[in-house]
Amino acid sequence: MAAPCAEDPSLERHFKGHRDAVTCVDFSIKTKQLASGSMDSCLMVWHMKPQSRAYRFTGHKDAVTCVNFSPSGHLLASGSRDKTVRLWVPNVKGESTSFRAHTATVRSVHFCSDGQSFVTASDDKTVKVWSTHRQKFLFSLSQHINWVRCAKFSPDGRLIVSASDDKTVKLWDKSSRECIHSYCEHGGFVTYVDFHPSGTCIAAAGMDNTVKVWDVRTHRLLQHYQLHSAAVNALSFHPSGSYLITASSDSTLKILDLMEGRLLYTLHGHQGPATTVAFSRTGEYFASGGSDEQVMVWKSNFDVVDHGEVMKVPRPPATLASSAGNLPEVDFPVPSGRGRSVESVQSQPQEPVSMPQTLTSTLEHIVGQLDVLTQTVSILEQRLTLTEDKLKQCLENQQLIMQRTTP
């Protein structure tokens, strides 16, 4: 990377605590916490506030493959090679409920924007949707013919996209539970997929070293980037929708300007493969993890509008007919040079339609407390079931003893 200037992304913090490769990272809604999972079977919840102690959550019996905060930030979901999903309350107690979600490794977990459901993907070739409260199974999507690496809800919750080792990306309608389209342009396993913030495009990363962007309305391949020299393991859209960051086994992170179809930055930090990357919900920061056991937090320093303020204004859900999020068509190869700075993105002035801040904060607090309460009830129910099972076992043992002692 060239000598940094004021506009360049900058490495802010190193988090060290995992004892094996880091597999996944995710920020909470207000960027107060950063969660990471690892091959060491542990979750770490790091506090962005300096000098704050991290939480180490143990419970999974094998590698943690995925983490995702609920929209309220009051719950944290994790998936594991032990075939289970756990829902945690991300505080110092680290209480959780666990359930067997699949018959093989759980590769991906992602909450719907309303927080009422979440989707999982697995090596058992299925995508499953669950209710958040009581973790009730809702339905399964089963057209992939190999491991499913990733599954995500669209921003409006109407669509689901999945990526698989069968070299396809599939787009699903949540209501009809039907596959709308299969994208087959990848030349290898598809490792990761996500929706553009507008909901009108998807980006997928592959073992063929490429990143592809499709329009979900026309299903046209809009952009094709071949910038990495090894597999692309993860990607993340900036909340503005103008930038995309990728993490690769070539040890680098790359930031793309989607509006201009060019490479902006190549970031070197990890020793060995960069396995995961994610922007914060405001786009001010992004985090990365690698096989070097490190979690790195970077400051974006993008010269863009304050997305923290923009995101407070409710927007209508994106639909397939929306004209937002149109990206120029770009094919590889993209010039390897990078610009020194990023063009400012000017948003059109909007009529203020947000509720009073005090009411918004109160509602957010109530929703968050409901999340915690329902999760606490689930934890208590699970403990009660265990207690009942132990009591039954004790009674059965006692009956056996009495039978043996009866002449």
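Any Cβ shown, glycine's included, is placed from N, Cα and C.
Here TrEMBL flags 343-355 as compositional bias 'Polar residues'.
Positions annotated as region 'Disordered' by TrEMBL: 335-355.
Confidence over the repeat 'WD' (15-56), given as mean pLDDT on the 0 to 100 scale, stands at 95. Annotation comment: TrEMBL describes 15-56 (among others) as repeat 'WD'.
The annotation repeat 'WD' is assigned in TrEMBL to 57-88 (among others). Sequence-distant contacts of the repeat 'WD' (57-88) (same chain, at least 6 residues past either end, Cβ-Cβ under 8 Å): 20, 23-30, 32-33, 35-45, 94-111, 113-115, 118, 120, 122, 130, 132, 135, 364, 367-369, 371-372, 375, 378.
Positions annotated as repeat 'WD' by TrEMBL: 99-140 (among others).
Through the fold, the repeat 'WD' (141-182) approaches residues 104-105, 107-108, 110-114, 119-123, 125-129, 188-195, 197-199, 202, 204, 214, 216, 219, 317-319 of its own chain, all at least 6 residues removed from its boundaries and within a Cβ separation under 8 Å. TrEMBL lists 141-182 (among others) with the feature repeat 'WD'.
Taken from TrEMBL, the feature repeat 'WD' applies to 183-224 (among others).
According to TrEMBL, the repeat 'WD' annotation covers 225-266 (among others).
Sequence annotations record features per position, and here TrEMBL assigns repeat 'WD' to 267-299 (among others). Secondary structure by DSSP for the repeat 'WD' (267-299): 0 helix, 20 strand, 13 coil.
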